[in-house]
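Working notes for the structure below.
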Protein chains: 2
Amino acid sequence: MSTAILKASPIHFGPFPVTTQVFHLTRYSYALVNLKPILPGHVLISPRRVVPRVADLTPTETSDLFLTVRRVARMVERVYGASSLNIAIQDGVDAGQSVPHVHAHVIPRRARDLEARGGVDAVYELLEGEEGDLNRILEGRVEKGEEGEGENGERRRKFPKVDDEDRHPRSLEEMEAEARFLMGEMAKEKEE
Amino acid sequence: MSTAILKASPIHFGPFPVTTQVFHLTRYSYALVNLKPILPGHVLISPRRVVPRVADLTPTETSDLFLTVRRVARMVERVYGASSLNIAIQDGVDAGQSVPHVHAHVIPRRARDLEARGGVDAVYELLEGEEGDLNRILEGRVEKGEEGEGENGERRRKFPKVDDEDRHPRSLEEMEAEARFLMGEMAKEKEE
């Protein structure tokens with residue numbers, strides 16, 4: 001996959017352009033590095049078509065999305081030295097979805113990796129925080145004039161519980177560097 | 001799908017026989033009602049082949065599993081009057097997996113459904129508790145002599161945080177009645 005291909009078909013995550021943060025592209029799906037990863041290697045997999053719900057996907061898109069989840073998950077588990085993975089989809093607002101575009105979280109896990117932050121299941125509370133942050137920060141970017149429409153901040157208050165002080169949104173440069181690195185690592189994976 | 005078909009090919013969830021709790025069967029996957037659902041309609045989707053990790057699935061099994069997740073999710077959202085869904089896989093011990101057999105949790109969600117139990121993200125803490133309970137209770141059944149080998153209880157202490165007093169393991173009769181009901185509801189779903 002070349003940068004030229006990506007430039008020819010810009011990728012959106014909901015209303016937000018994310019082309020340079022994409023590290024893997026299939027006919028129907030893409031994989032994206034994260035603004036505020038919960039743990040190293042925490043990435044997102046989305047369908048290229050911007051639809052809010054899993055039920056909106058065609059069977060072909062559904063198969064492709066989860067085959068992509070499986071391949072990307074295997075890669076991040078290897079690259080980040082993990083032993084397990086959390087795979088989670090918040091499918092709809094009442095399940096905690098922030099950006100209205102289907103996205104599967106893939107989070108590499110290691111033994112005791114969240115011991116200091118609340119234990120093995122703290123990943124989910126952090127995930128809720130990350131969903132809120134993602135939306136807030138992406139909206140902040142919109143407010144600075146990239147595209148889309150701003151929000152009045154109401155939506156931010158939906159995820160009040162988590163504010164992990166160790167986590168800061170990463171710079172675009174940092175995300176792009178990781179995307180280039182992971183693109184190379186995907187190329188090492190076997191096809192199936 | 002007839003009971004006769006199921007009897008001809010008994011279904012296992014990890015080491016545990018669960019044939020009568022299965023409500024949907026495809027060539028590679030099945031859907032199972034839950035011992036201790038977090039919310040009404042909380043069900044599990046597994047590959048028929050007993051493998052612990054998503055990476056162990058073939059591409060065909062992976063596609064089939066998630067097409068089944070999508071169809072079953074659409075059905076439970078309709079039947080239980082929900083508006084959203086949580087879809088989650090604990091893929092490996094260090095991600096909180098209890099039974100070493102791939103299983104996707106599908107949990108129908110409604111607005112403010114967990115307000116009294118901790119809010120929208122309480123679903124995940126409950127999920128961890130449920131994984132622990134599932135394992136403990138299934139192991140308890142094993143200890144009563146059904147099959148497999150007993151455990152000394154060490155594994156139970158892995159999920160100490162959640163003990164939702166409102167939730168009790170359901171009887172086999174109750175689970176089988178729900179499985180029959182959901183089997184009928186699946187028959188009303190369109191193929192795709």
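Placement of Cβ uses the backbone N, Cα and C atoms for every residue, glycine included.
Where the annotation comes from TrEMBL, it is an automatic prediction and has not been curated.
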### Query
What range among B:6-10, B:101-105, B:106-110, B:126-130 does TrEMBL describe as motif 'Histidine triad motif'?
B:101-105
### recorded positions among B:Asn34, B:Ser98, B:Val99, B:His103, B:His105 whose Cβ lies under 8 Å from any chain A Cβ
none
### Task
Could you tell me which three-state DSSP class B:Tyr124 (site 'Important for induction of apoptosis') falls into?
helix
### Query
Counting every protein chain present, what is the number of Cβ atoms, excluding its own, within 10 Å of the Cβ of B:Gln97 (substrate binding site)?
22
### Stretch-averaged pLDDT - the motif 'Histidine triad motif' (B:101-105)
97
### Summary
Between the two most distant Cα atoms of the substrate-binding residues B:Asn34, B:Gln90, B:Gly96, B:Gln97, B:Ser98, B:Val99, B:His105, the distance in Å is 18
### Query
In sequence order, which residues at least six apart in the same chain have a CB under 8 Å from the CB of B:His105 (substrate binding site)?
B:His42, B:Val43, B:Leu44, B:Asn86, B:Ile87, B:Ala88, B:Ile89, B:Leu127, B:Glu130
